[in-house]
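Colleague: Okay, these came from Swiss-Prot:
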- 15-35: compositional bias 'Low complexity' (COMPBIAS)
- 1-42: region 'Disordered' (REGION)
- 51-71: transmembrane segment (TRANSMEM)
- 91-111: transmembrane segment (TRANSMEM)
- 144-164: transmembrane segment (TRANSMEM)
- 180-200: transmembrane segment (TRANSMEM)
- 208-228: transmembrane segment (TRANSMEM)
- 254-274: transmembrane segment (TRANSMEM)
- 290-310: transmembrane segment (TRANSMEM)
- 322-342: transmembrane segment (TRANSMEM)
- 380-400: transmembrane segment (TRANSMEM)
- 406-426: transmembrane segment (TRANSMEM)
- 440-460: transmembrane segment (TRANSMEM)
- 464-484: transmembrane segment (TRANSMEM)
Amino acid sequence: MSQIPSPNDPPPAGAVPTSGAPAGPSATPAPSPTAGFSLPEHRPAPTGKALAALAVGALGVVYGDIGTSPLYSLKECFGGPHGVHPTDANVLGVLSLVFWAMTFVVTFKYMSFVMRADNRGEGGILALMALVGKTETTRLGRRVLLMLGLFGAALLYGDGIITPAISVLGAVEGVAVAAPAMERVVVPATVVILVFLFLFQKQGTAKVGAVFGPIMLVWFATIAVLGVRGILHDPSILRALLPTHALSFFARNGWHGFLVLGGVVLVITGGEALYADMGHFGKRPIRVAWLGLAMPALLLNYLGQGALLLHDPGAARNPFYLLAPEWALYPTIAIATAAAIVASQALISGAYSLTQQAIQLGYSPRVTIRHTSQREIGQIYLPEVNWMLGTACVALVLGFQTSSRLASAYGIAVTGTMIVTTLLFHRVMRDRWGWARWKAWPLTVLFLTVDASFFLANVVKFRDGGWFPIAAAALVFTLMSTWKRGRDALALMLKDAGLPLDLFMADVARRKVQRVAGTAVFMTSNPGGVPPVLLHHLKHNKVLHERVILVSILAHEIPFVAEAERVNARELGSGFFQVIAHYGFMETPDVPALLDSLPRRALAGPRLTIVPMETTYFLGRETLLANGPSTIPTWRKRLFIVMARNAQTASAFFGLPPNRVVEMGAQIQL
């Protein structure tokens, strides 16, 4: 028999009204993403030392991906399968495209606009989807937004797989520049570094995380110095800042020039991380770190590489490392490798957070979530996700062999996510901010024109490796959408077959049911109904405990719920109590700790005291069959059943003590 999620899981965020009414997939969510909760108190923007500390911290988490792009970006523009010959005019044109891509996409689009669309301070594709989903009233509209958000999230997983592989590989390739005879050790060394990186994940990053920011600070300082050194040799490269060189590049190279955008886009990979990590550092530190250090350092380095190419077109084989003086080559390789590891860690941690959000929002099966820090709630470790990412990264390195080949696979995932973000952001402008069409549409069209240009330039790389992120995204999208549909169908079936709580309580008051000592806790996703496991228990055992607690864990489309609004409790009579706990999509519930905290909370309802050794938790353990009346295609039913069978058990997910859990089985035809 398989452990399925619906009877004991929190329902998908927004699917359950907070009033305590019967809930299910068809329940209409409140029109506000706050789900009836008060907004958090305004936090003053950090200044002085606090701002500087947060900005340095942001360097280690937010800018790892985009910060390591100089390792391979220009090499791809001039030496990739669609690269152009590094003539003076082409070098100036490509560098002009690099500057304006960074300025428009990162500074203008993300810094100035997208980062304003936060979900209670949190960013990212799923947080944005949850934010705009509340304003959509039509079923078709919500479905379209859901599909967009899930596909964007699926593309981010592809990005999370490629980034560690290409960053570490690009850094280690410097060894071949310093000693060409050592080229054969590049791939094995990269694999060893990645294996150790993923093995280390279970230890957490609480201790080493403090040095991530300083490492990236040294990295940005290093690439800035290297860039200045190159510019001083040929200051004429500064002409590339004029947009006329970008325009003349397209006019001169035509379609071939357009395809070079597939390499130029590599300089803005990681732009989505600015938005996704907004909740960790805040908008101001991220902006200060970008405008004050990251962007100037990156721009100086790209211009320095360009100056080198003006002087020596043959340096296109690896302009980053050839920019360094011979005596500094090995130290640069060491710093680059450290920066690549930091960039990889940021993407791995991002995949953990994305999965946690997907679980709480109802788009992913439960997996093991371990908190690796007692002080930082966001520091988590997901073993299943870690090993899947690690295996995929190593396979990519072994399959593609070079960062140049991997670059062909990189752009599609990044640009696809950018398009999804733009489409969802348009809904924020129209529905959340109330912008008129004449104001919102020109900005959306401008963003989409740039995003689509980068995307189309990368689509032609499909056979060269672009198939990988598309295949990975399609797989993740299929899994997430199947889980969502299966959960909704199952929740609806259980709701229709259930018994309203008020009718059950009236029946209990009339009947004389034998009571036994102790406390029984029944988990239910429907606060207005009776959990099926309670009905089965009463039918077969014909007894009830002296005290029965019905616990509902409700997930909401906000990142965090204030502790003052965490729990509602009330006495139902006849020894029954109801506890409804609210969690955001960035939180993980712990039911025993929750129940233990009830006496300390100032609740309008009763003050419940739980004695752990006198408490029994009852859960349903259902066997799913694919021959039921649901309209879901049979292949999706079977896939959902497999996913449910391999999901983490409800008892483990909610932190229930194994020796105090009783499971009762039943068959359900889906």
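Every residue, even glycine, has its Cβ placed from backbone N, Cα and C.
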Colleague: Under 8 Å for C-beta pairs, could you tell me which stretch among 290-310, 322-342, 440-460 has the largest tally with the transmembrane segment (180-200)?
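Modeller: Ranking 290-310, 322-342, 440-460 by Cβ pairs under 8 Å to the transmembrane segment (180-200) puts 322-342 first.
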Colleague: Which range wins on Cβ pairs under 8 Å with the transmembrane segment (322-342): 51-71, 290-310, 380-400, 406-426, 440-460?
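Modeller: Counting Cβ pairs under 8 Å, the winner is 51-71.
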Colleague: With Cβ-Cβ distances below 8 Å as the criterion, list the same-chain residues six or more beyond the ends of the transmembrane segment (91-111) that contact it, or say none.
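Modeller: Residues 66, 73-74, 77-78, 84, 237, 239-246, 248-250, 252-253, 257, 260-261, 263-265, 267-268, 271-272, 274-275, 286-287, 290-291, 295, 298-299, 302-303, 306, 309-310, 418, 422, 447, 450 contact the transmembrane segment (91-111) from elsewhere in the chain.
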Colleague: Do the transmembrane segment (440-460) and the transmembrane segment (290-310) come together with 3 or more C-beta pairs under 8 Å, pairs six or more apart in sequence?
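Modeller: These two stretches do not touch.
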Colleague: What parts of the chain pack near the transmembrane segment (208-228), using Cβ distances under 8 Å and only residues at least 6 beyond its ends?
Modeller: 56-61, 63-64, 67-68, 70, 293-294, 296-305, 323-324, 332, 335-336, 338-339, 342, 345-346, 379
Colleague: Using a Cβ cut-off under 8 Å, which residues of the same chain at least 6 positions beyond either end of the transmembrane segment (464-484) come close to it?
Modeller: 12, 81, 146-147, 150-151, 153-155, 157-159, 161-162, 358, 362-365, 392, 396, 400, 405-406, 408-413, 416, 458, 636, 639-640, 643
Colleague: In the same chain, who gets a Cβ under 8 Å from the transmembrane segment (406-426) while lying at least 6 residues past its ends?
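Modeller: Same-chain residues near the transmembrane segment (406-426) but 6 or more away: 72, 76, 80-81, 105, 109, 113-114, 117, 125, 128-129, 132, 145, 148-149, 151-152, 155-156, 158-159, 162-163, 165-166, 169, 262-263, 265-266, 268-269, 271-272, 275, 396, 400, 440-441, 444, 447-448, 451-452, 454-455, 457-459, 461-462, 464-470, 472-473.
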Colleague: Go through 254-274, 290-310, 380-400 and flag the stretch with the largest number of C-beta pairs under 8 Å relative to the transmembrane segment (51-71).
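Modeller: Going through each listed stretch, the top one turns out to be 254-274.
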Colleague: Sort out the residues at least 6 away from either end of the transmembrane segment (380-400), same chain, that have Cβ-Cβ distances under 8 Å to it, and list them.
Modeller: 160-162, 164-165, 168-169, 187, 190-191, 194-195, 197-198, 201-202, 204, 348, 351-353, 355-356, 367-372, 406, 409, 465, 468, 472, 588
Colleague: Report, as numbers and ranges, which residues of the same chain sit near the transmembrane segment (290-310): CB under 8 Å and 6 or more residues beyond its ends.
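Modeller: Long-range Cβ neighbours of the transmembrane segment (290-310): 55, 59, 63, 66-67, 69-70, 73-74, 78, 86, 88, 91-92, 94-95, 98-99, 102, 106-107, 111, 217, 220-221, 223-224, 226-231, 233-238, 240, 267, 274, 316, 319-320, 322-323.
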